[in-house]
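What TrEMBL lists as domain 'Cobalamin-independent methionine synthase MetE N-terminal' is 3-315. If you look up TrEMBL, you'll see 18, 116, 521, 522, 567 marked as 5-methyltetrahydropteroyltri-L-glutamate binding site. Per TrEMBL, the feature domain 'Cobalamin-independent methionine synthase MetE C-terminal/archaeal' maps to 432-755. Annotation comment: TrEMBL describes 437, 438, 439, 490, 605 as L-methionine binding site. What TrEMBL lists as Zn(2+) 1 binding site is 647, 649, 671, 733. If you look up TrEMBL, you'll see 658, 662 marked as Zn(2+) 2 binding site. Summarising the annotation, TrEMBL assigns active site, proton donor to 701.
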């Protein structure tokens, strides 16, 4: 009876790790305190899986920040700027790489495939010397063993590690990262030797890049790497995990032909085509780790359906070679449903978080072994049926309105350059106008006010007055800093998606459904369980108030439909695009109400547009088409003089620039300051972009305060490729997570840099 979990959330059921990390970073607690919290979390996870009956329990999936950064530490691949001189890598070097420090910036962070998790991108060069510099994998294996739990140590596979890296600054862009494979394998061999010596019998390599479109050379790297490792792998059982999509026929052939490998893990939730490959021929005597329990969503598994899939697979691979598993690490789902005391009973019966998924995996494994828990399966079937027939899920009017969208592509009546002229007549902005992305710091005091209002400790009137005071303060500060287009600072918002979801129908919310986004930052995705509509205006009250306090333009602030979709747990009973169109119609109502209320600049954030991009080229066009269409639906009805902004995050934009142009926004602000102007190269290469654009001029994810000169230098680099009449000056993301002591000087330097360049441009004319 074999069950396996690919990986498990690290943050803790109540974000224990987040609070321990932030306390340590603030100097309020010691390294020992942090290590103690981490050890307790690991112990409780191993114990929980062990008690649930899981056979293959992972270790080394815990991380203080990110598993790719852990691998960088293991390989001693520390960029020279961190001044590391060898020896075991400690917290100071580790966290400097993750977050930067007073003197040097952090390493780049980017999306982990198409999830909302971010990893720290390794920076590699031909000269790099790898050395075994973090013994974490072995230490955690021993730690579990001392607690009486036998685990499967998990390592990021060597080929995926290189394919997920980037050439370091100053290295030719054409440098082949895979050429380093021979240099990193000796470290992997040392790790494997230590794991064997410690008594490990299984090891798991995560090679998720196998689900991407790989060329023959890249596939060859897998064959080469694992034959190189073959002698080190002897005496160990090895499972190679893939996840997030199906594997191509070529990748399947490469994977199942690897030397020294005992088993293969596949995502059978998002990779249903892989089933056909398995049916077409699975190597005999090898283990199949069948990922039938969804690691990326919060819906309870349809156990009856999974069981029939597993029974079919059993016929192909044999009873003793089939292992029931999760589709990917449970890192991407919430931790434990037990902590949701406020959720509606019926909706709760439709859900399973990480802890419940562990139980589901085991229940399926037991059922396969002939020990089916009938009561558990019956309750599950009842919940599945109630979800299918519940009247709360379906709203006829919404279904009709969404179906009616099919006929048009919802474009604004005039082109962007004539709209920009009309807007400039009305707004009268200087060259290089300054603005911010939306949020201002959320102080402890502000969080307290929101918390007390939620707990009904203060009246609505007291709450509204407190928020109005905060808005006035933020407006006054921006006026003092002489920023051109203002924001109200979003003091009333807990989160850019949750805030809207709470006011839309078809959404449910958790209290502790936190998921790690990066480091200590967690998000609490809403759950979209039914048809979506907007019962009444959501932001008009606050935006109108904010505009009434200033003569300068005040941006209305909305989250776009694609981002609400991609940052939520989405219903899995209809195609994602249908849900997206429903959300777009709700946001369209809001945009039009803001315009009626006299708001002339409206920002519709699509921070997550790119992260929904499928991992396969062949599926990209379909996604981009409906995603961009959804954005246009929201603002196709406004007047030419209403300026529509959008903001995008963390994007490797260059490959989707044409879709971005097709969104037809008037101004787009882009978070790019960590990806070193890579973004600008697309404009250098001659893409014609006529709308306003504001590439972020400083990185808000780091506490560092950039100087006026540094920002002016960045703007100059942008002016080399972009016309001065379309360039905006702004930070690269919202300021919610920063402190005022960082924000004031940084914005002051930003405005000073813009003014400096304005005067240079004017005198050049």
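Placement of Cβ uses the backbone N, Cα and C atoms for every residue, glycine included.
Automated prediction, rather than curation, is the source of TrEMBL annotations.
Structure coloured by features recorded in TrEMBL.
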residue: 18; record: 5-methyltetrahydropteroyltri-L-glutamate binding site; Cβ contacts under 8 Å, 6 or more apart: 11, 12, 514, 520, 521, 522
residue: 116; record: 5-methyltetrahydropteroyltri-L-glutamate binding site; Cβ contacts under 8 Å, 6 or more apart: 332, 515, 517, 523, 525, 566, 567, 608, 611
residue: 438; record: L-methionine binding site; Cβ contacts under 8 Å, 6 or more apart: 487, 489, 490, 496, 555, 557, 603, 605, 647, 734
residue: 439; record: L-methionine binding site; Cβ contacts under 8 Å, 6 or more apart: 487, 489, 490, 493, 496, 734, 735, 736
residue: 649; record: Zn(2+) 1 binding site; Cβ contacts under 8 Å, 6 or more apart: 607, 608, 671, 733
residue: 662; record: Zn(2+) 2 binding site; Cβ contacts under 8 Å, 6 or more apart: 628
*10 Å Cβ neighbour count around residue 733 (Zn(2+) 1 binding site)?*
26
*Who sits close to residue 437 (L-methionine binding site): which same-chain residues at least 6 apart have their Cβ under 8 Å from its Cβ?*
487, 647, 669, 730, 731, 732, 733, 734, 735
_With every protein chain in view, what's the tally of Cβ atoms within 10 Å of the Cβ of residue 521 (5-methyltetrahydropteroyltri-L-glutamate binding site), excluding that atom itself?_
15
*Compute the C-alpha separation of residue 658 (Zn(2+) 2 binding site) from the residue listed as 'active site, proton donor', stating it in Å without decimals.*
28
*Listed L-methionine-binding residues 437, 438, 439, 490, 605 - what's their greatest C-alpha to C-alpha distance in Å?*
13
*Per residue, counting other C-beta atoms within 10 angstroms of the C-beta, which of the recorded positions 647, 658, 701 reaches the highest number?*
647
*Using the centroid of the Cβ atoms of 437, 438, 439, 490, 605 as reference, list every other same-chain residue with Cβ within 8 Å of it (recorded L-methionine site), in sequence order.*
436, 487, 496, 557, 603, 647, 734, 736
